[in-house]
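Read through the structure below, which is laid out as structure tokens, and then see the notes.
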Amino acid sequence: MVYPAGPADLPGGRGGHRSGTMRDVKLYCRDLSWDGSGRPACAGAPRRVLSDAAPCFRDAPSARGTIPGEVMMQQILPSAVACVDTTADIPDAPTAPEEAAALEACTEPRRREFTTTRHCARTAMAALGVPPAGIPSGPKGEPRWPAGLIGSMTHCDGYRAAALSRASDLHAMGIDAEPHRPLPPGVLDSISVPAEREHLRSLEREFPEVHWGTVMFSAKETVYKVFNPLTGRWLGFRDARMTFDPGAGTFRARLLVPGPVVDGKRLTWLTGHWSLREGLVLTALAVRRGRAAR
């Protein structure tokens, strides 16, 4: 996702980086050591207002697997998706030969992120009845999925996940996870338009336990993970206007640039789901074949 003003304009400046991307913003946030309790808002959420059926306030089981109900991210994805997650890296996770080039200059923490998320992806392949295969990186670091599959991976401190589906079921899919903590000062203004910030202020008055800026940050990352594979184009932070429904656990992204053409129709909106679980913000969006975007 292209950072609108470029990383040099972030508070503190990161002029040495390439044109600002989501990775630049995440690096900036890590440098500031995000503050906040990190506890899930759902732990003390006002259930008198939010429906107990809302995905963001269901109790999350701790098991990890590919059966719906066992994986945190699975709860906000269609049943056609196989999802695997973990809260710990897998030190001896094997890598495929075609993945080696992406690891040559990696630090050890980045290597663990890379190998663990791909281990999750290959486990999800098995759940779909697909033989395990390598997932090389494209020129911009994007995963290149085996023929017949579409997928998405995410990682943040203490969490890694991969979600896969057969391409016959979905056009595209995106997932993202972020620590449920406040954004550093100045970041929200850089990734949103005034109408979005007013929307978040309204949500904060009713649900102050939720770090809405981080929810928006994650949702915009997920939208990009769907938009880019379908169009081959970048999507700036301010090229999609976000709104959130706390009761339904959904978000809508109104595309302010020409959207992808799916099943013969140009999309102007994308609709996804979000959840707060175990100190994490989780977001997911799937564009199903023959149906509107979920």
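Glycine residues also receive a Cβ, built from the backbone N, Cα and C atoms like all the rest.
Automatic prediction, not curation, is the source of TrEMBL annotations.
Note that the structure is a prediction, hence the values are computed from the model and not measured.
When TrEMBL records Arg118, Thr154, His155, Asp176, Glu221, Lys225, Leu235 as binding CoA, the matching candidate from Arg110, Arg166 it lists for that site is Arg110. Counted with DSSP, the domain '4'-phosphopantetheinyl transferase' (173-248) comes out as 41 helix, 13 strand, 22 coil. Counted with DSSP, the domain '4'-phosphopantetheinyl transferase N-terminal' (98-164) comes out as 26 helix, 16 strand, 25 coil. Residues Arg110, Arg118, Thr154, His155, Asp176, Glu221, Lys225, Leu235 are the ones the record ties to CoA, and the longest Cα gap between any two of them is 25 Å. For the binding-site residues given as His155, Lys225, the lowest number of other CB atoms within 10 Å of the residue's CB is seen at His155.
The binding-site residues Ala177, Leu235 differ in how many other CB atoms lie within 10 Å of their CB, and the one with the most is Ala177. Taking CA atoms as the reference points, Glu178 (Mg(2+) binding site) and His155 (CoA binding site) are 8 Å apart.
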